[in-house]
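Features of the protein shown, as given by TrEMBL:
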ACT_SITE  391  active site, 4-aspartylphosphate intermediate
BINDING   391, 392, 393, 479, 520, 543, 577, 657, 658, 659, 773, 779, 802, 803  ATP binding site
DOMAIN    15-81  domain 'P-type ATPase N-terminal'
DOMAIN    825-1078  domain 'P-type ATPase C-terminal'
REGION    700-726  region 'Disordered'
TRANSMEM  59-88  transmembrane segment
TRANSMEM  275-297  transmembrane segment
TRANSMEM  317-343  transmembrane segment
TRANSMEM  856-877  transmembrane segment
TRANSMEM  889-909  transmembrane segment
TRANSMEM  939-960  transmembrane segment
TRANSMEM  975-996  transmembrane segment
TRANSMEM  1008-1029  transmembrane segment
TRANSMEM  1049-1072  transmembrane segment
């Protein structure tokens, strides 16, 4: 059993090697993990407690308690306990099954074995027994048992290689290095005497950050993330290594990142909660009306019966009788909200999820990846999406980078024939420019320096499987493409150690001393290395975003900067991803001075990242421009067609990308988001609040002018500060197609509270919005902005870790399983391999799920009001005595057996048009966006139909049977015959109604509809049999009623009359509506019958996808 002691939050962690007694006083967590929720003892109470957190379950428990009070219960307790127990049992079995697999997984992990150094020797211990402060040995291809500080390895320089797929989804190898002072401790005897103490940050979920200090032999050594091996990593290409356990079990970064995702609810869920409250209020009102009726009846009429029908104790007056009658009717009428509703909804959603998983048209054969519904609660929300927020790289594009063009010393290269220069060239590399090849051959210094930078400034790992067969492991496709380009032009990266980089330059092996690596991050947007060549010259090489590098260049050669900037803009206009390259020579004195400040910042225990960033910024100045690179990332298959189709479905698509504005705009044109036919493309690129506001308002005025509504009286001369605010409804009235392109620094101002509504009104009036140079946080902020102000369903789609915040913020998150790991997939609600599958997810599965759920709910409320309201009308004819119309077994089985499966089949399989028609006519998607199929109006319509049906089902049999007689002259006006007639008519009417509501018949629909009708008669005859009456006379009061009643022709005529009165108006209304005001789906369905009807063809032509 794993026990995790409660301790106050840590401010700092202290760990002493090989000293369990010292470490145990801090009560650190053990290495045992527990992801399960229950054990054998706690399962029943905890699971029941969780289930009764649901309002519906608590409500039905309350009803059950009321039914156990004899004075107010006119129904047997089993009419509520049977369905309640069934629901609780199904949920408990599901929860127990899920938890069993969690227990199984936990046991498998906790019982893995690891070699732990105990009293000077290595002993095999289960992972669950590893403690903070232990020294463990890891061997090649083993999982890391805990978050450990790397002490030593079998490789030179204390290096080891790890794979972090379980942490971040990336399969590329990463390098880690022990600190030099412990690198020689490779022997268990030496490690047993190691007594260093580590002081570091407390447990947290930041995978790329670790800050700590090792104190040993009266010296201190700074520790970084490069010295750590995290739980979940796998040791690769390293014979063995030793590590000191710093964080164990729930404190490890892997477990810290496994927190629960925010629970998402659909708009239908929220509406259902409101409607259930309304229904409960309606139930109380009905109970109150009948209670008042009981009081009046008891006072005016009931006292006449006191001599032979006295009140049951403790009733002693008509007011108390009315009070008890109220609760009795609450029990009887509770079926307006049956508990089976919630179970049915979950079953339907589960089925819809499986349909998505099984869809072969969303299976990617190239990467052998099927679509996956990672949640079962959001399927119908897929049919209501109004805004899609998409990443660009890897989502719209393939994220397979190819070196396409470059600019070197003001000369642009690309797009000519090319012949490989050296035997180490990558045979798959394609670059076409003989001039560049010639420049390399003749030894042009700028060209050589350009490719030398590409071969040195990176974090790529190299593996040489055989002579000349190099395999690069890059952390990003961009970096791999650049190093491959250098390799093919004669500057081949061969290998690296912590202190050196070895290359082959034009056939000559050269080893550089690696003095420092200045890491890339999303804030710096650049990476640098400082190297010393064999001649002793020290040089800094830097590559990064041009907006960042240009401001750090020497101003001496403005012409080169201007020419290169023009080239960068040209490349970006072609949709290419660009980087600028620069270098700087350093003197020995400059290097020494900077190195000292870098060491000081590296050893800092507080604000270490900020200090290092300031140090990096200090040295990355006064650089000389070398040139620029342009990498092509091609669009995925089917992206333009998908975006065009979704746009026709009235879905607005916003692209949120970190690329340059020109690149993003070009991709926008390539994927048909932007077109030449657009009225205007607004560019927002201001650097101040005032300029951004001015550009937004100018965009508004241009929209007015384009619509012919501008005043034109010299408004263009107005100063920015004098621009009038944009009226909230102005942009909505503008016609024409507009697009908005906004940069990250402008977006930062536009998202400020005093400007966000202004930005939103302009953006939402545009057909397409592209936000470029945005950060992951800004992506999430844009999504939250739409959710906050537009109340629209949002969907975010991305493929990388930088998209996770956006995916979690949106109502629906979709992960693309691409080249950037699986973090986006792990955070998503749905995942697949290609962006083009989004059209099928929304227009087919989403639309069907919404349609099915709406039809299910409308019918469900209809059939239960039709069933329950009969009791209400009967109350006026039974002295408000809370007597039920039906026998108690019919009440119990109505929602569980007689009507549950047909509506379940409709909710699972129904469809109005085939999937191909849904894609051909994207306008079919709009009813979901407008929430037309199930809303408060539709709810009132369906319960009104249900009340009307209940009136017919009660009063028609009542009127006919009151004067009817059997063939032998015996009157039929008895309670049991009336109950059987009404129940039979009810089941037949609701069965005919669902047959009319079902738009797509399958084998399951036929079996469930007609089978449920057959089961009603079978069960009724069985329950009314002599056999059951003889065995349990107190439970089965309707002995022989079914056989006796249903043999009478007048009963069947009554049932037929009631059915006709209920169904004929519905049929008439539907035929009139189909003829006078058909929906698009009705028109599409007519295709197979009246394809050549000119009116049908004209309507469809306006709604069809243009070819």
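Backbone N, Cα and C atoms are what each Cβ position is placed from, and that goes for glycine too.
Projection of TrEMBL feature records onto the structure.
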residue: 391; record: active site, 4-aspartylphosphate intermediate; Cβ neighbours (10 Å): 30
residue: 393; record: ATP binding site; Cβ neighbours (10 Å): 27
residue: 520; record: ATP binding site; Cβ neighbours (10 Å): 19
residue: 577; record: ATP binding site; Cβ neighbours (10 Å): 24
residue: 658; record: ATP binding site; Cβ neighbours (10 Å): 24
residue: 773; record: ATP binding site; Cβ neighbours (10 Å): 22
residue: 802; record: ATP binding site; Cβ neighbours (10 Å): 21
*Return yes if the transmembrane segment (1008-1029) and the transmembrane segment (275-297) have at least 3 CB pairs under 8 Å (sequence gap of 6 or more), otherwise no.*
no
*Apart from its near flanks, which chain residues at least 6 from the ends of the transmembrane segment (275-297) lie with a Cβ under 8 angstroms of it?*
55-56, 59, 318-319, 321-323, 325-327, 329-330, 333-334, 336-337, 861, 872, 875-876, 879-882, 936, 939
*Residue numbers, six or more beyond the limits of the transmembrane segment (939-960), whose CB comes under 8 Å of its CB atoms*: 275, 858-859, 861-870, 872-874, 877, 885, 978, 981-982, 985-986, 989, 1050, 1053-1054, 1057-1058, 1061-1062, 1066
*Per DSSP, what is the residue tally for the domain 'P-type ATPase N-terminal' (15-81) in helix, strand and coil?*
31 helix, 2 strand, 34 coil
_Those binding-site residues, out of 577, 658, 773, that come within 10 angstroms of the residue listed as 'active site, 4-aspartylphosphate intermediate' at the Cα_ = 658
*Site extent for ATP (largest Cα pair distance over 391, 392, 393, 479, 520, 543, 577, 657, 658, 659, 773, 779, 802, 803, Å)*: 25
*asked:* Using a Cβ cut-off under 8 Å, which residues of the same chain at least 6 positions beyond either end of the transmembrane segment (856-877) come close to it?
replied: 268, 272, 275, 286, 290, 293, 329, 332-333, 335-338, 341, 344-345, 348, 883-886, 894-895, 899, 903, 906-907, 934, 938-939, 941-943, 945-947, 949-951, 953-955, 958, 982, 986, 989-990, 993-994, 997
*Restricting to the same chain and to residues at least six past its boundaries, which positions have a Cβ under 8 Å from a Cβ of the transmembrane segment (317-343)?*
54, 56-57, 59-60, 63, 66-67, 69, 71-75, 80, 83-84, 86-87, 90, 276, 279-280, 282-284, 286-288, 290-292, 294-295, 298-299, 302-303, 311, 860, 864-865, 867-868, 871-872, 875, 880-882, 884, 891, 894-896, 900
